[in-house]
Amino acid sequence: MQYLTTLALAIRVAIALATCTFFQPDEYFQGLEPAHFLVFGYGDLTWEWTSKPPIRSIIYPALNIPIYWLLKVFRLDGTSLLVAAPKVLHGLMAAGTDIWVRELSRKTLGQSYVPATSFLSLTSFFHALSLSRSMSNTLETTLTTIALCYYHWDSSVLPSRSQLRKFLLFVALACSVRVTSAITWAFLFPPLLLQLCQNRILLRAFITDTIFTACVTCCLLFTLDSAYNGVPTLTLLTFLRVNASSVSLFYGSAPWHYYLTQALPLLAGPALPFVLHGAYLAFMNGPRHLKLLLYAVVWTTAVFSCIGHKEWRFLHPLVPVMHLLAARSLLSLHDRASPRYNHRSTVLRIKRTHVVVLALLSLAPSLYVMRWHSSAQIEVLSHLRGLSDTELRSIGFLMPCHSTPAQSHLHRRIPVWRLTCEPPLHGEDLSTYQDETDIFFTDPAAFLSAQFPEHVDPAFQPWVDAPRRYMWPSHLVLFGALLREPGVEDVLRAKGYTEAWRGGNGVEEDPRRRAGVRVWHWTGVS
């Protein structure tokens, strides 16, 4: 099925290039921005990278470094390739999920289920939203899918040591990218060890290889991160230590049922009824390995549900398994309606009604989240990048922190400031702690009066040891909702600012981010 591989590559790269919307700050600040900073020497690094010790590993951002370096060497960093080239890379890596889920389907369900599984993966709403973006969860999804392909599913025979070594390699890579990937493997390792007990030589070899792989992985991560940070750093431990504290809750907490009532329905999308039906079939009369996959989903969801800070994307690596369960359901329903159909056929064995409904219900929301939802937060950077050097002298972002990309999309060596949102890293009381963004939106007009100088400096030079925290820039970027706050528009106009650009942003649940994105520039005329 070489054509399916080509189709997957084409679709994921096309989705990556067509996506012009904002989903998560980590897409930029934990992937592209550190790589841009390393190659070009300037950029926007968040507290995760500047804290002592840092809690993020350079391993995932490092994937973008060769691209930025080549653009710099060939002097193409001033072109649209600065944004497009990393998208192509992440689109190609995303296609790995579509390609390897077919192999996983063949090994766990059978060849006849491969077309249905591929169809579900390629038309998945959440894959369209997230899989081609530059986030560590998406690479974790691909690596987890590959590792599952090398897992030993056939209990009637013993695996080869070569297969098990490949399995350990991709488990190690997945855990290197996101250490929380170990939650899933903590469940799947014991059944594998029990199978290997049939052959003590193979069991000892597997345990030896596991220890060796873990040690080598930790040493490589330690070496890489220490070289990047200039001090001995093991980010696997610092990440777990910080996120086990109240710091993670600072970015939001959710009830225990969040993944059941919100995340899993969104991850499964229109295929949710078939995922549930497939889970029922697997539980009632499915083969051992399919039940094991189902229990892995339950286990991983349960463990993540015990963690206060929850996000949809944390369970993204489970989506390929959901597609296997849905494929089992769809073929069961098809065969029940067509009992004389050749069950060994490798064509798409899904009822035509189900194909149409799944495709249409996925296509419409996929297009919306790719092209329109929060699109102005990306479009505004294109507008600013297109301004001349004489016009664009400095930029200030009066937005909730990390509402737009930074230098990975702007790429201008000029003064840029943003409202900050550092968490309580020094033991402050989480219930009373306020970051700068919270303080600003409590009374924006008062903040502008207290933290900005009385007059605008037409030279827009950055200050050293300034009496106020911020300087007035040549261009201010803000959400339209800010202008509805008492006194804000009056202050801006009194300083000589006028609106120069605006962009629509679709439906927005956060009231601070409503009414689109605006750019106000200084004209000196009040």
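From the backbone N, Cα and C atoms, a Cβ is placed for every residue, glycine too.
Beyond the signal peptide (1-18), the same-chain residues lying 6 or more positions past its ends with a Cβ under 8 Å from any Cβ of the stretch are 84, 87-88, 90-92, 94-95, 98-99, 102, 114, 118, 121-122, 128, 131-133, 370-371. TrEMBL lists 1-18 with the feature signal peptide.
Distant neighbours of the transmembrane segment (167-189): 57, 59-60, 136-137, 139-140, 143-144, 146-147, 150-152, 209-210, 213-214, 216-217, 221, 236, 239-240, 292, 295-296, 299-300, 303-304, 314, 317-318; these residues of the same chain sit at least 6 beyond its ends, with a Cβ under 8 Å from one of its Cβ atoms. The annotation transmembrane segment is assigned in TrEMBL to 167-189 (among others).
Annotation comment: TrEMBL describes 201-224 (among others) as transmembrane segment. Panel annotation: around the transmembrane segment (201-224), residues 57-59, 62, 158-159, 161, 164-165, 168-169, 171-172, 175-176, 192-193, 232-236 of the same chain, lying at least six beyond its termini, place a Cβ under 8 Å from a Cβ of the stretch.
If you look up TrEMBL, you'll see 263-283 (among others) marked as transmembrane segment.
Annotated transmembrane segment per TrEMBL: 290-308 (among others), in sequence order.
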Q | Beyond the flanks of the transmembrane segment (290-308) by 6 or more, those residues with Cβ under 8 Å of it | A | 108-109, 148, 180, 183-184, 187-188, 191, 248-249, 253-254, 256-260, 264, 279, 282-283, 314-315, 318, 321-322, 324-325, 328
